[in-house]
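According to Swiss-Prot, the protein has these features:
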{"type": "COMPBIAS", "residues": "374-384", "note": "compositional bias 'Basic and acidic residues'"}
{"type": "COMPBIAS", "residues": "389-405", "note": "compositional bias 'Polar residues'"}
{"type": "COMPBIAS", "residues": "407-416", "note": "compositional bias 'Basic and acidic residues'"}
{"type": "COMPBIAS", "residues": "434-446", "note": "compositional bias 'Basic residues'"}
{"type": "MOD_RES", "residues": "Thr402", "note": "phosphothreonine"}
{"type": "MOD_RES", "residues": "Thr419", "note": "phosphothreonine"}
{"type": "REGION", "residues": "374-462", "note": "region 'Disordered'"}
{"type": "ZN_FING", "residues": "21-60", "note": "zinc finger"}
{"type": "ZN_FING", "residues": "164-205", "note": "zinc finger"}
Amino acid sequence: MVSQGSSPSLLEALSSDFLACKICLEQLRVPKTLPCLHTYCQDCLAQLAEGSRLRCPECRESVPVPPAGVAAFKTNFFVNGLLDLVKARAGGDLRAGKPACALCPLMGGASAGGPATARCLDCADDLCQACADGHRCTRQTHSHRVVDLVGYRAGWYDEEARERQAAQCPQHPGEALRFLCQPCSQLLCRECRLDPHLDHPCLPLAEAVRARRPGLEELLAGVDNNLAELEATRLAEKEALARLREQAAKVVTQVEEASERVLRALLAQKQEVLGQLRAHVEAAEEGARERLGELEGQEQVAREAAAFARRVLSLGREAEILSLEGAIAQRLRQLQGCPWVPGPAPCQLPQLELYPGLLDKNCHLLRLSFEEQLPQKDSGKDGARSQGGDATQPQSRDGVQTPNQEDGAKTPKESRAQTPQEDGGTQARVGSRSNKKRKFKGRLKSVSREPSPAPGPNLEGSGLLPRPIFFCSFPTRMPGDKRAPRITGLCPFGSREILVADEQNRALKRFSLNGDYRGAVPVPEGCSPCSVAALQDTVAFSAAARLYLINHNGEVQWRRALSLCQASHAVAAMPSGDRVAVSVSGHVEVYNMEGSLATRFIPGGKANRGLRALVFLTTSPQGHFVGSDWQQNSLVVCDGLGQVVGEYRGPGLHGCQPGSVSVDKKGYIFLTLREVNKVVILDPKGSLLGDFLTAYHGLEKPRVTTMVDGRYLVVSLSNGTIHVFRVRPLDS
């Protein structure tokens, strides 16, 4: 692209699409120029003309059509000259039909003329060698420039040919345009000069150009200035759009983090209230059990004494009754005087008090404001802004400055997301009216009236670890299910989709990450899928003691029998997607797409034969195998040859058996600890880094996990619910 200050070259004009019509995409024919300076073929413009108006196909400017039609639009002699040069260069082929001399037929020679070897740039004629040698021997042609025809066709003399080229008069063929009629602003040849323009003042073309060039150059300079301003404005508009997108991304992050922290606080309050309720009910049940035991004992004693007295009175003889009268009367008086409280003991019934503001549709925990930012044009102001801080920081309408991530009073995490329990007044800045802000403050303070004593999650090293962002949650039970789902396997299934192995309902269900049900992959009759992995257009799963490979229509490609020494067999797809690994009684077997055994190894080598039991298995993008070893009660990481890269069996497992494992795109390992409702994170070599998910995140008996697209951790719970968390990396 030619810059504003530089002049375009002739080569660029001839080689670019400048000479092509933007309508028919062919070389211009009878070029006509519109007032907007766009040039098209005359026939193409005639097809676009609608009545008295015509709209330019490029700039969409509407121009009036002259009464005489599109033929009356100004002829573009500049384009005509370039087209003549291009046609002259392209005329004839030196290898096929050689061009003939243009002078030989005029001098009475052969009718066709000899083969041309040269060209006169002034006459625009091809010449044979003889005519070329004598062409400059006359007074009229002495100054003509005769050049080699091959070099002319190659473009070596384009500049000279252009300088010596003369525009031809459209009214008088063969006559060059030589004059400019000043009153009519029309180009004239000698014949035109002698007819209607004889009395008009005319100037030679060179003199007319010298007179009019300064005015055009001045106008061009003004347009160049406008172009510079337009370019600066365009760049400023792009920068403003980039700032808008950047700020929008920040707001999205703030909304996600604020929502996450509010959800955490709400879940903590949920656990706290449920704990209090559980403790109250257990204490009440314990007291009730003690009272019921005492009452049942007293009731049994009284019932037995009363039954004995009734038998004596109804069946005994007079002497027998009188002999037992004293003992019976004493016992009955004793039972009547036994202390007991009629009616049930006082019981405190629990009642839930829900803050009414949360159900109010006008209660906005998140509120968005838009601040207009004036453009900065003064470079001095820009410099002051760069030295004195970020002056483009948005302010609210009442002049209060929005907190920045660089403020020293808060960490970046705290400055981006404020929960009601931390700072009830922080949210007040988003309102535009003071009474609304005070009302909103009061709502948030009411919510945070009593801080929750429930312990939060273990965030040891959280500033250095990937962080979870809650994405969505959905159930997996479908209307056709006969039993409650029991999810035993998960795997990614294409982009943003998961495949769920429901062993209880003997189904492989497809869900999007948003929880939309996408149907099911049919499984063979009687199969209950346990572990599942997706390969290239196929699905591998284990059921009982068999490994199956099926296509998406449920057709079995092959099946392999596995060892019966293991209750379940974990299945994992290799990163290449063309092999599947399965854990079989302490070792790992890898099968290719044809069902042939590609390799088999024991983690740690043959010395560990019989010492391993991999219940869960996955692979990393780096090609490593990661498994949960229930016999060693450890998490083991090994390479493709079975060499152990790392193994963890430390206190971070809390004495639990390691559960399901998943690996993100950077190699971080996510290990499920079902007994303590946790998912911990380990580095690619198996060293524990800290907790990733806890009951604080809503985990309740997590069963299996998988990683989708390397950044979404999908966790299934024992009740058939699936939670999806987005893994925020360190460099986010």
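Quick reminder: no glycine exception, Cβ is built from N, Cα and C everywhere.
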Secondary structure of the zinc finger (164-205) by DSSP, residue by residue, totals 7 helix, 11 strand, 24 coil
Are there residues at least six beyond either end of the zinc finger (164-205) with Cβ under 8 Å to its Cβ atoms? List them, or say none. 75, 77, 80-81, 84-85, 121-122, 124, 145, 211
Please list, for the zinc finger (21-60), how many residues fall into helix, strand and coil according to DSSP. 7 helix, 11 strand, 22 coil
What mean pLDDT score does the zinc finger (164-205) have in the model? 83
